[in-house]
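These notes concern the structure reproduced below.
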Amino acid sequence: HNRMFLEPQEKKRSMKALVVKQAKKTCSCTPAKVKEYIFSFFPVLQWLPKYKLREYLLGDIMSGVIVGVLLVPQSIAYSLLAGQEPIYGLYTSFFASIIYFIFGTSRHISVGIFGVICLMVGQVVDREIQRAGYDLEPAVLSGLPDTAAYVNTTISPVNQTLQKLLCDKSCYAITVGATMTFIAGVYQVAMGFFQVGFVSVYLSDSLLSGFVTGASFTILTSQAKYLLGLDIPRSSGIGSLIATWINIFRNIHKTNICDVITSLLCFLLLIPTKELNEHFKSKLKAPIPVELVVIVVATVASHFGKLKETYGSSVAGHIPTGFLPPRPPDWNLIPNVALDAIPIAIIGFAITVSLSEMFAKKHGYSVRANQEMYAIGFCNIIPSFFHCFTTSAALAKTLVKESTGCRTQMSGMVTSLVILLVLLVIAPLFYSLQKCVLAVITIVNLRGALRKFKDLPKMWHLSRVDTVIWLVTMAASALISTEIGLLVGVCFSMLCVIFRTQRPEAPLLGWVAESETYESLSAYKNLQTKPGIVVFRFEAPLYYINKECFKSTLYKQTGVNPVWVKAAKKKAAKRMLREKEVDSDGNQTSISMDFVSEPLGFHTIVIDCCAVQFLDTAGIRTLKEVCKDYREINVQVLLAQCNPSVRSSLIRGEFFREGEDHLLFHSVHQAVDFA
């Protein structure tokens, strides 16, 4: 056996030296570095001067107008989902597009209102409204929803009672929404500052998909009462989906027939047209803006048919024009909503980063995850002072934006101009728009998430573990609550990883003829084994969770448990001594000695450690015990293909006896040759 010598690399500098170097690099201030920092923090300064007017402008204008036209009805509809007045949804979409234009690194994603985020915001808003007693007492003012928005929150304590009287239910709802949006934005900027983008790796694609689908059931349930024209309180907390349906069926006799007929007509128009848009998207230059058509037709029909006065249909009500003066979040509400903002911040950031990376890869450019966290954080912090609620990237609008010719975020500015036109001129015309129409628009936009059920057979075929994660997260998000569902999904996916390392594959290996390759005997035919040598591979890290599994599997695969063999030897030796005392006959002694020295069938075990990423102290101790136990029954254990981390752990753990460090091999073939 020719021993292979590898000279180790020099160790890296100490942690102190690395920290000092990084501190000097971070704290140094030169004009070039200041310029680089400003340009990286405001990406618009990098790409806007290089904007190719003739090449990009037409596509950006076209995509911006189309997304704006689609965003107007969705902003109004999703405001309902977030427990807000329609005007606040338009504000949110307007400011988000402008701020992402300045801070974002993706050229294609559309940042604005996202259904799942709106649902999570709406649940917290409803809870805080109940706590404040607005659902128990009639509003003091029956004026417009924006009446209280003009009240200055920095007034003296003498006038605080007056301020509370002026702030009605809708005013308090946007105060709660804006405060939570501010906190979520602070969390996202903090994640960017501390570079903790790794949080998103715990949200796998299957987990996010299951979460969105589960939340879609909750969204559908929350909108069902508008389809039927029922006036029932919104359920929140654990089991809200079931509680809502129980309330709906209890009040089903109060169904408004006018709202039901309107909902059915809207479904009959929206669903086929949306399907046609998807089926012919390669041939259509732009999708048919069917949502806008439905809203215009429904508003006109409601106004001239006097559906509110005649049939008691619930309508959007007055939507004011212009902008309200900025107002800071309510700092007293922060303790109430700080915890709720954590899952909202993580989901918003994870969806934004995953979408931006997906489209960047597709179009051949790069995005920076930390800058995306800053961008989405500021898309929440700044608008929270202008009566807005939480935003993130949205897949459906991003796909529309990309397919209609978007080249840069200039299209986002065009979208903002379209919404601005609505805010300044058109908004009051939607007074007579029925709420059931907005609910239909919200539900129809859930088709993509609900269609994931069709992909389950394919997902099951690809990965059963991912499918189970999807199902568990979906069920928990729908049946328990969205926040708990997300937590359940993360914990369950982590447990799946742990379980897979707890009971890993551990086959015996055979030799591929005329090569130096060893593969699993259970996976391939026609493999050869060397007489007296067993080759065993453990396909997981060896640590405290799976150490017992390692030992039991090794004993089972080799067919020899050294502890039992030693116990049998001791038992046989004792019996032999007893028999020798009773009868000194040599034949009986000979039989006993033959039993004790019965051959095992092999003299060496080679453990292939190529799949062992790391060892902890329990793992090192387990290997020591295995080697010691087998050595006592005259079987040597050799380790092969250990990575540098495992090698250093073994050396630090004093695994080798003096002079035995040569029993560590760089290949299985080398270890077998030695044996």
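Note: Cβ is positioned from N, Cα and C throughout, glycine not excepted.
Taken from TrEMBL, the feature transmembrane segment applies to 56-78, 98-121, 171-190, 196-220, 284-304, 333-353, 374-396, 416-446, 467-495. If you look up TrEMBL, you'll see 523-675 marked as domain 'STAS'.
Most Cβ pairs under 8 Å to the transmembrane segment (284-304), among the stretches 56-78, 171-190, 416-446, 467-495, belong to 416-446. Confidence in the domain 'STAS' (523-675), given as mean pLDDT, stands at 82.
Residues 64-65, 68-69, 71-78, 80-81, 86-87, 90-91, 93-94, 97-98, 101, 115, 216, 219-220, 223-224, 226-227, 229, 259-260, 262-263, 266-267, 270-271, 274, 291, 294-295, 298-299, 302-303, 307-308, 313-323, 396 of the same chain lie 6+ residues outside the transmembrane segment (416-446) yet bring a C-beta within less than 8 angstroms of a C-beta in it. For the transmembrane segment (171-190), same-chain residues at least 6 beyond its ends with a Cβ under 8 Å from one of its own Cβ atoms are 82-85, 88, 121, 124-125, 128-129, 132, 134, 145-149, 327, 329-331, 333-334, 337-338, 340-342, 344-346, 348-349, 373-374, 376-385, 387-391. Within its own chain, the transmembrane segment (56-78) is flanked in space by residues 86, 89-90, 92-93, 110, 112-113, 115, 118, 286-287, 289, 291-292, 294-295, 316, 319, 397, 400-402, 404-408, 410-419, 422, 430, 433, 438-439, 441-442, 445, which lie at least six positions past its ends and keep a Cβ under 8 Å from the stretch.
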